[in-house]
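Undergrad: So Swiss-Prot lists the following for this protein:
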ACT_SITE  23  active site, proton donor
BINDING   87, 103, 107  Mg(2+) 1 binding site
BINDING   105, 107, 120, 123  Mg(2+) 2 binding site
């Protein structure tokens, strides 16, 4: 699999299980790009929804994607600390055009004190039935959710102290 080069700008595209484009983030800067891990950053980035509406992100963010895990993690740097938004999703693929993944609706919001909240369980159930998620996918997603929660509790990976700050410092060297 090809991987994006550090310093390059790529778009990030999330899809739904049925193949429909869900959301696109334009111009994220790649800070690390390997076959297994991609770390990107963006600030005041244009986001385009599937219905054509668009908005601009409000704060700098560090985005973590892994080819093995069924989740991605966005660390948002705000005045009162780092907030994380975690998407339960397929592992990423990079096709030379964009970083792509399937969004499976379940999300976890993590607060600066590392407490967290599971979001969108109702949306997950609705889409699971509507798009007929296979039972094996449902099982994988719930197993991966448990791994993600373990990472949060253990301060592992992007949740480790200084991870987001250190990558943000790297991002500033590209500006």
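A Cβ is built for glycine as well, from the same backbone N, Cα and C atoms used for every other residue.
Looking at the shown structure, can you explain where the listed features end up?
TA: The Cβ of residue 23 (active site, proton donor) has 15 neighbouring Cβ atoms from other residues within 10 Å, across all protein chains displayed.
Sequence-distant contacts of residue 107 (Mg(2+) 1 binding site), defined as residues of its own chain at least six apart whose C-beta falls under 8 angstroms from its C-beta, comprise 85, 86, 87, 88, 118, 119, 120.
There are 13 other CB atoms within 10 A of the CB of residue 123 (Mg(2+) 2 binding site), with all protein chains counted. In the three-state DSSP reading, residue 123 (Mg(2+) 2 binding site) counts as helix.
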Undergrad: Taking DSSP three-state, what's residue 23 (active site, proton donor) in: helix, strand or coil?
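TA: The residue in question, residue 23 (active site, proton donor), is strand (DSSP, three-state).
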Undergrad: In whole Å, how far does the CA atom of residue 23 (active site, proton donor) lie from that of residue 105 (Mg(2+) 2 binding site)?
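TA: Residue 105 (Mg(2+) 2 binding site) has its Cα 12 Å from the Cα of residue 23 (active site, proton donor).
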Undergrad: When you average the Cβ positions of 87, 103, 107 for the Mg(2+) 1 site, which other residues in that chain have a Cβ within 8 Å of that mean position?
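TA: Surrounding the site, in chain order, are 14, 71, 72, 85, 86, 88, 89, 104, 105, 106, 120.
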